[in-house]
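Annotated features in TrEMBL:
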DOMAIN    A:92-282  domain 'ABC transmembrane type-1'
REGION    A:1-20  region 'Disordered'
TRANSMEM  A:30-52  transmembrane segment
TRANSMEM  A:97-117  transmembrane segment
TRANSMEM  A:129-151  transmembrane segment
TRANSMEM  A:163-182  transmembrane segment
TRANSMEM  A:203-228  transmembrane segment
TRANSMEM  A:263-282  transmembrane segment
Amino acid sequence: MTALTGPAAVKAPRPRSGGTRSLRGATAVFLKYLSLVLASAVVLIPLLAILLTSLRTAKEMGSANPLSAPHHWLNFHNYVTAFNDGHMMRALWNTSFILFFSVLGTVLIGSMTAYAIDRFHFPFKRLILGLFLIASLVPSVTTQVATYQIVNNLGAMDTRWAPIMLYMGTDIVSIYIFLQFIRSIPVSLDEAARLDGANSFTIYWRIIVPLLKPAIATVVIIKGVAIYNDFYIPFLYMPDDNLGTISTSLFRFKGPYGAHWEVISAGAALVIIPSLVVFLALQRFIYNGFASGATK
Amino acid sequence: MSAPQTAGTRVPALPSPPDDAPGRRPRGRRARPGGGTEPRPRRRTRRSRWFTPWLYLLAPLTLLVVFTYLPVADMISYSFTDWDGISPTRNFVGLDNYTDLFTRPQLFQVFWVSLFYLAGSVVQIAAALYFATILSFNTRLRNLFKGILFFPYLINGVAIGFVFLYFFQPGGTLDSILKAFGVGPHLWLGDPHLVNTSLAGVSVWRFMGLNMVLFLGAIQSIPPQLYEAAALDGASRWQQFRYVIAPSIRPIISLSVILAISGSLSVFEIPFIMTGGSNNSETFVIQTIKLAFNFNKTGLASAAAVVLLAIVLLVTWLQRLLFPDERVEQS
């Protein structure tokens with residue numbers, strides 16, 4: 001992340017040592033880099049195997065070692081098959097639709113909750129805060145048996161609104177992020193605006209929301225990654241083929257392409273590449289976002 | 001529940017703008033009077049009527065109740081019935097579902113499986129701690145290493161499932177690498193004794209980077225003076241870790257431990273995608289989902305979910321009890 005790290009600065013006053021010490025130091029440095037390189041290899045080799053396989057033809061598949069180079073590096077045939085037959089365009093549209101409305105809803109709901117709780121005094125405030133706190137301890141994966149019935153009764157089954165409502169309604173972490181951030185916005189700003197005749201909604205919309213931008217960026221990133229990668233909720237609530245998201249459409253490769261690993265690999269690569277691009281473009285925000293998201 | 005209070009009293013639109021009163025405005029209706037020029041700074045004349053905060057809370061509270069509290073309440077009530085999830089009638093069966101649950105041998109199998117994931121998360125936290133520490137020291141290409149180790153966390157779960165299905169294939173990538181070291185091929189996913197180790201390994205692969213980034217963030221927020229003081233006192237790297245780093249990141253470690261425990265109990269995605277729960281790899285959540293949606297035993301599945309929820313809450317409560325947020329003071 002940043003260059004100024006604590007321990008790094010302390011490195012200087014160390015070399016006050018004899019020959020054996022520096023030898024030990026050299027070994028330690030070697031072992032350190034060895035461990036880093038090994039760990040990186042563990043991360044990269046499975047991904048590399050998929051990438052190489054996705055560039056092979058069906059004929060090549062029989063004989064090749066998974067890590068050998070494909071005959072033609074630019075054989076994108078499998079990608080075309082995966083994209084068209086896997087209905088990835090439709091999946092991308094469905095995922096984008098869900099992503100847009102869920103993220104928008106999460107930001108509005110989270111910031112409104114934080115505004116109400118932090119800027120007003122009202123009866124049962126502690127109770128309300130407690131309700132949100134306890135809810136964050138309930139893993140949503142445990143309650144799906146009953147949630148399923150509720151979604152069913154709401155008539156939202158097999159519509160894109162089912163995941164949208166669930167993503168908006170069960171996100172306590174973003175409420176915490178907003179709550180934490182809103183405390184650092186001075187109340188005097190609200191008061192000044194109120195003197196100028198602003199009502200509470202104007203204050204929320206014109207003052208609080210613009211100042212919450214960093215928190216909004218964090219929530220958009222965390223939420224965006226979570227929704228793009230989520231499998232469980234679309235799998236349960238949108239079994240319809242036409243409503244496949246990125247995850248469920250990829251999952252459906254399993255049947256028809258069971259033995260065609262070159263096509264499955266291309267499908268997996270198609271799903272991974274956007275994540276990689278976003279990661280490379282937004283690295284710093286992503287690290288900070290997840291750090292503040294997980295620690296609340 | 002206090003939400004209906006708001007819903008009942010429908011009020012015309014949003015609160016009106018304040019009557020332009022001079023002086024400092026208190027922060028809400030219960031705020032301290034005084035400082036203002038008005039004699040009675042309360043209610044009606046004020047901008048914030050009693051219902052204003054409830055207007056903002058209307059949507060969030062509705063969603064919270066409908067998608068968190070109502071499911072929990074429903075789940076508990078289903079767990080005492082023999083409901084199949086479809087038919088309009090259900091019979092009260094008392095504790096039958098719970099006795100059924102605790103007397104089936106599969107239950108213990110499912111808990112046994114989660115021990116593999118728990119062991120995996122111990123490895124994961126230890127590795128994350130190690131890499132976070134060495135990356136916080138002066139290291140070449142540290143951003144590259146950090147990026148590589150973190151990236152798996154951002155990958156789609158289904159894609160990870162396929163990546164490792166291929167990786168673990170008989171004669172696949174892993175076997176051909178191990179062959180170079182003289183290790184024979186294994187049925188990584190086909191052998192019932194090995195499958196859970198393989199799957200827990202995938203889980204470590206996926207989540208280690210997140211733990212590492214969290215630890216790294218915590219380590220980097222330690223004020224550098226602490227290291228300087230330690231270095232002046234002649235502390236070795238290990239002593240720096242033991243006495244400076246470890247105590248400072250204790251809260252985040254304890255948070256990771258609790259997440260690891262509840263995470264290992266509610267593993268779903270990776271085994272479901274990769275093996276579908278076959279070969280002894282069924283987890284608690286896979287079992288519950290199958291009971292509810294494949295075998296239409298909503299009552300029994302609800303009982304299982306209630307048990308899981310109770311365990312997770314118990315673990316969280318124990319952790320809070322044992323490690324009440326002891327923040328290290330960092331001047």
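Backbone N, Cα and C define each Cβ position, glycine as well.
Automatic prediction, not curation, is the source of TrEMBL annotations.
Through the fold, the transmembrane segment (A:97-117) approaches residues 125, 128-129, 132, 160, 163-164, 167-168, 171, 174-175, 177-179, 181-182, 204, 208-209, 212, 215-216, 219-220, 223-224, 227-228, 234, 245 of its own chain, all at least 6 residues removed from its boundaries and within a Cβ separation under 8 Å. Of the ranges A:129-151, A:163-182, A:203-228, A:263-282, the one with the most Cβ pairs under 8 Å to the transmembrane segment (A:30-52) is A:263-282.
Remark: the transmembrane segment (A:163-182) contacts the transmembrane segment (A:129-151), by the rule of 3 or more CB pairs under 8 A.
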